[in-house]
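Some notes on the structure that comes next.
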C-alpha cells in the first residue's frame, strides 16, 4: 500500500473504521500521487511529517498539481481520474491504460526512456537533486525511520519525533515552557500548558498573524486551531468540531474563550453588537457555572457545548450554548476550602455597593447560610471585595449586551441571593 504520502484514503480509513474496505484501485490513487510527484518534484503534503499526512489525506480534497496550467489537459485529467476520492467510482489501473495520456506514447517508449535518462543526468550534474528527508528501513517489527537531517533540540510538533514516549514528551514540553512557549502540536492536537500568569501572545497583532497562515509559518497557538477549523469549514462547506479537554486547572475555560474570540474575528460579524453578544455569553455562563476549588479559582462545574453559526461565505451569524452536568449540589454544600458559585458573591457584593441589601432583605453583618465557609466568616469579607464588585458590574453589562430585559436581570439579582440565604 506504500508509504503514507501515497496511501489512498480508504486504506487509511480501514485502520480506524471496521466497516471500511479497499481493493486494487488503491494502486490507481498511488499512481496519481506519483504523477504529481513527477510534475512538482514532491508528493502532496511532503512538507508534513508522515504521521501528520495520515490525518490529512482522508480529510483533504483530492490533490492536484501546484500549477496545473503548465501541464497538458490530458495529464491533468489523468491525475484527476486517478485521485477520485470515492474508490468505487475510481477507474482501475487496466482502464487507466486506455486513457489518452497513456495511449499517446504508444510506439515512443524507447525515445521517452532515453529522454528521461538524459534529463536525470543533467539534473545530477547541476546538483539540483537531493536525498529524501527520511530514509525508511523495513524491519521485522515494522518501519524504522531515520532522519537524514540534523535533529533539532526543540520541535513544534511532537509527532515529528522518532521516539515518542512519556519522558520525551515531558522533556520537550519543559523546554518549550521554559521559553514561554506554552503551546505544542502533536499532529492535529494542540497541547496547552497553563502558565498561571498573563502571557503577551493574544493581542490583535498575534491574532492577525494566524489568519489564513500556514501552520508551519508561526509557533503553535490556539489561534491556529481556530483558523484551521474556520478555513476547513469554509473550504469544504462542512461542520467542524473542536474538543477542549484536560484536568481541572489546565486552562480549558480560557482556551474556549480564546477560540471564540478568534472565531468571531475570522467570522467578521456584520455588526459589532453580534460579536460582543457572542463573547459576553461565555462570561455570563461562567459566572453562574464556575466556582473556586482547592486547585482552581475559576473551575467550571459543568460541561459546555458551544455551537457557532456561520453563513456559507464564512460570516458568523450567531451562537448557541448548552450546559450539561451542572454541579447543583454545590449550592447547598461545598467541600472544605472550596466556594459556592461565583454569581452569589458577585451579586451580594454588588448589591452591598449599591446599598440594596435591605431591599432584598439580606443581612449586612452575617453571611448567608450557603456562603459561610473558611474563606468568608463575616459578610464584609466578600461585601468589600473589589473584584466581586467589578464582576457584578460586568454581569449587569452582559445582560444588557446579550439582550435580556431589565426584568430578567433584576430577577436574577433577587433569586440568586435568596438561594444562598435559604
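Each position is counted from 1, following the chain as shown.
Cβ coordinates are placed from backbone N, Cα and C, and glycine is handled just like the others.
A TrEMBL annotation is a machine prediction, not a hand-curated record.
As recorded in TrEMBL, the features of this protein are as follows:
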- 246, 247, 248, 249, 250, 251, 252, 253: ATP binding site (BINDING)
- 1-102: domain 'Protein kinase' (DOMAIN)
- 153-422: domain 'Myosin motor' (DOMAIN)
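Residue 249 (ATP binding site) is surrounded by 16 other CB atoms, counting those within 10 A of its CB over all protein chains shown. Cβ environment of residue 252 (ATP binding site): 244, 245, 246, 300 lie under 8 Å away, each six or more residues apart in the same chain. Highest local Cβ density among the binding-site residues 246, 251 belongs to 251, counted as other Cβ atoms within 10 Å over all protein chains shown.
Same-chain neighbours of the ATP site beyond 246, 247, 248, 249, 250, 251, 252, 253, judged by a C-beta within 8 angstroms of the site's C-beta center, are, in sequence order, 194, 296. Cβ-based neighbour count (10 Å, all protein chains) for residue 248 (ATP binding site) stands at 12. Around the Cβ of residue 247 (ATP binding site), a 10 Å sphere holds 10 further Cβ atoms from the protein chains shown. Close to residue 250 (ATP binding site) in the fold, though at least 6 residues off in sequence, lie 192, 194, each with a CB less than 8 Å from its CB.
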